[in-house]
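Chemist: The transmembrane segment feature in TrEMBL is assigned to 7-27. Look at TrEMBL and you will find 317-386 tagged as domain 'FAD-binding'.
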Amino acid sequence: MAAEKKPFHVAVVGGGIGGLCLAIGLLRQGVSVTLYEAASEFKEIGAGIGFGPNALRALEQIDPSLRASYETIQTSNPSPNRKSTWFQFQLGMKSQNWSKLQASTNPTEKITETWQDGQKVATVTAGKTGQLSFHRAHFLDILVALVPKDVPKFGKKLVDIEELEGGKLEMKFADGTTAQTDAVVGCDGVKSRTRALLLGPDHPAVSPRFTGKYAYRGLIPMEQAVEALGDEVARNSQLYMGHHGHVLTFPIEKGKTMNVVAFRSKEGEWGDEKWVLPMERWVMLRDYEGWGENVMKILSMIKRPDVWGLFDHPHAPTYYRKRFAILGDAAHASTPHQGAGAGQAVEDAFILSRLIGKISSADEIEKAFKAYDAIRRPRSQKVVETSRDAAAVYEFEDDSLGTDLEKVRATLEIRYKWIWDEDMNEHLRQAMELMD
Ligand SMILES: Cc1cc2nc3c(=O)[nH]c(=O)nc-3n(C[C@H](O)[C@H](O)[C@H](O)COP(=O)(O)OP(=O)(O)OC[C@H]3O[C@@H](n4cnc5c(N)ncnc54)[C@H](O)[C@@H]3O)c2cc1C
């Protein structure tokens, strides 16, 4: 049954996963929405995206029909004994090479074990979901299908917001046009304009910071990957751990393609205005000198790698001011090391759309934003922090674990539970209580 129409209007700025999920959630709650997108159409860059059980539950709460839609495009591990595996963690280089590299950066730490390339470190399971991934463009399509044609306005790059007397907001766009609304939610991604408008241009938390990690991304036809690596290794998700780097692979497009993300560490700044750059294959291969057989086989199959500088946000002191809020990467951009960034945007959209769905006048919007901020900020910012920490574990940069594989295994097996198993309905209940 359609919800009763609310007597106020919400502007969503940015039509990525966060903005689209919010728009769908608000529409289901009877809120009229306009979505302003800077680009000329909806689009996603990159290939695969993994979703944890928490993100899938939040999606279904936003719109129950999304489950049937995502099931048509989801890919998971095909082997029966790998269905619940998120990643199989293993060493990605031989101990002799490891010792040499380790000695060059940390001469005091000696590798005493005889580590084998491919040696198992941990099998991390994610409930019934396991490794569940989508092709980004296909996932965006199922969201777009739920948004009526008159909701999105394209070519609308937001540049400024003015608070008007009486509480309404006026948005100014780069094309010289303006629009008024009762509330604005900025979902405009990691380089967010709305974040700068909310916090102030000179606030220390405005700009994203380089995390000291970058990643090569590539796609390999699964048949070719199987020929090189064997069925089990190629078709199921793997994470190869190594010295200041890690490489992960997982199947996408119903197993037709192997998605590869290969991470490395870099001291200092990223050093380029662009965060995504095309890269020569030989440069990538040089970056992994000394790595093991499977890693080198995987990388040499990538024909045209892109390299991505990885940035995240310092913690914002607030996600709202009066009738203006931020959501998704605009609020808490994270590194991808827990596969949880977009999932946090979906959780934000679930909680915020339900809170707004509960109020009955524009005067109450600030109250909804306040409860959203109180409930969502601690969890989403913890994801940003633990994501950085996770990379340090995968790359043996965590001093408390060193190269003790038993300690590494123990932390890997438990460290994602708080993200995946959290009860979002309980969070919503607490947020509703705060709002009342
Ligand atoms: C390499 C990599 C791998 C990742 N893998 C995963 C993963 O496996 N699982 C996971 O959960 N997350 C992953 N993430 C994180 C995930 O991609 C993001 O968290 C998610 O896409 C954020 O969605 P968003 O809607 O908040 O922002 P975005 O997707 O960035 O969307 C922002 C939108 O706003 C528009 N926009 C920008 N500025 C303006 C403006 N001024 N006015 C109007 N519109 C504007 C943009 O055009 C865009 O459409 C990964 C990230 C990276 C970098």
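Each position is counted from 1, following the chain as shown.
Cβ from N, Cα, C; glycine included.
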Chemist: When you scan the chain for residues with a C-beta under 8 Å from the transmembrane segment (7-27), skipping those not six or more beyond its ends, what do you find?
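Modeler: Result: 33-39, 42, 44, 59, 62-63, 66, 139-140, 143-144, 146-148, 151-152, 158, 169, 171, 179, 181-189, 192-194, 327-330, 342, 345-346, 348-350, 352-354, 356-357, 360-362, 365.
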Chemist: Tally the residues of the domain 'FAD-binding' (317-386) by DSSP class, grouping H, G and I as helix, E and B as strand, and everything else as coil.
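Modeler: The counts are 47 helix, 5 strand, 18 coil.
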Chemist: In this predicted model, what is the average pLDDT of the domain 'FAD-binding' (317-386)?
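Modeler: Per the prediction, mean pLDDT sits at 98 for the domain 'FAD-binding' (317-386).
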